[in-house]
Ligand SMILES: NC(=O)C1=CN([C@@H]2O[C@H](COP(=O)(O)OP(=O)(O)OC[C@H]3O[C@@H](n4cnc5c(N)ncnc54)[C@H](OP(=O)(O)O)[C@@H]3O)[C@@H](O)[C@H]2O)C=CC1
Ligand SMILES: Nc1nc(=O)c2c([nH]1)NC[C@@H]1CN(c3ccc(C(=O)N[C@@H](CCC(=O)O)C(=O)O)cc3)C=[N+]21
Ligand SMILES: [Mg+2]
């Protein structure tokens with residue numbers, strides 16, 4: 001079996017076309033969806049991602065502003081900016097690019113973002129809502145993966161899903177989201193003994209560990225759907241995921257590539273969430 005490659009860029013374009021229509025409709029009502037991005041320090045990867053986010057906003061017709069702070073900025077200054085953005089009616093979504101420099105209490109910073117503007121879905125309220133199946137802003141990366149599966153008509157109910165990686169921004173919300181859709185979910189992490197005994201059971205394998213070549217063909221069931229969330233820059237400059245792409249594609253039924261897989265979807269779902277935020281805030285304001 002040779003896998004079908006899930007073209008994340010194409011799925012992203014499809015979702016962005018819908019986003020453009022919704023944005024045009026909001027603009028006709030006098031509302032331009034606006035995103036504020038806060039970036040602290042000068043992590044080169046973060047700069048690339050933020051630039052991609054701004055580009056996607058512009059492409060769809062959203063307004064976006066980047067607030068860049070030096071790495072040694074006091075927490076209080078960043079929190080004050082968040083509070084000002086919470087109160088700004090032209091800003092509908094607020095995103096704090098992670099990771100923050102070490103001296104920051106990231107949890108505290110994220111908690112300062114208004115729940116109604118938390119387009120990343122990282123606020124504790126939104127995390128709790130996701131656990132109860134009522135989320136307002138699904139976190140962008142797991143949301144993007146769900147959209148990719150939906151676009152390819154891949155069933156989720158009753159499927160064995162194995163998520164490799166248990167972070168708050170990818171692994172945990174991914175597992176929660178697919179469990180809500182009635183998959184049987186297993187979460188693996190760095191202390192999992194014999195990863196392969198779990199991955200081999202997966203009908204859908206989602207990998208978000210940040211370890212190149214973590215997933216080899218012998219760890220994958222023939223016909224499995226393999227979604228590679230990992231982003232790794234190799235010493236030679238190449239960008240790769242966590243999956244041995246050439247090996248695993250000989251065995252899987254579907255596989256998502258890196259680049260051009262989950263990455264473009266993450267950015268697109270951020271745009272989508274910002275439009276939803278603008279719509280909701282406009283409806284509240286209009287009463
Ligand atoms: N494409 C996209 O849009 C996005 C891509 N990413 C990428 O996805 C990857 C994961 O990101 P993120 O979740 O933020 O990363 P974190 O570093 O926060 O979490 C990594 C997770 O993977 C687990 N892990 C690490 N090594 C192994 C291993 N050898 N076997 C099994 N599990 C392992 C860790 O386990 P433990 O908990 O035990 O430490 C942890 O749960 C990164 O490459 C990142 O760049 C992230 C966000 C968006
Ligand atoms: N508050 C916050 N929200 C996030 O959503 C968030 C974050 N912090 N911190 C870091 C991770 C990582 N992330 C990516 C987004 C896009 C690509 C992306 O566009 N990838 C392209 C390639 C990009 C490149 O060329 O480097 C692709 O896979 O095709 C990758 C990774 C969002 N994250
Ligand atoms: Mg259920």
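Heads up, the Cβ atoms here are built off N, Cα and C, so glycines get one too.
Here is what TrEMBL says about this protein:
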- 165, 166, 167, 231: NADP(+) binding site (BINDING)
- 6-120: domain 'Tetrahydrofolate dehydrogenase/cyclohydrolase catalytic' (DOMAIN)
- 139-281: domain 'Tetrahydrofolate dehydrogenase/cyclohydrolase NAD(P)-binding' (DOMAIN)
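Across the domain 'Tetrahydrofolate dehydrogenase/cyclohydrolase catalytic' (6-120), the model assigns an average pLDDT of 97. Taking a C-beta cut-off of under 8 angstroms and a sequence separation of 6 or more, residue 231 (NADP(+) binding site) has the following same-chain neighbours: 45, 210, 239, 241, 258, 259, 263. Ligand 2 lies within reach of 231 from the binding-site residues 165, 166, 167, 231, judged by a C-beta closer than 6 angstroms to any of its atoms. Taking the Cβ of residue 165 (NADP(+) binding site) as reference, residues of its chain lying under 8 Å away and at least six apart in sequence are, in sequence order, 171, 188, 189, 207, 208, 209, 210, 229.
Secondary structure of the domain 'Tetrahydrofolate dehydrogenase/cyclohydrolase catalytic' (6-120) per DSSP, as helix, strand and coil residue counts: 60 helix, 18 strand, 37 coil.
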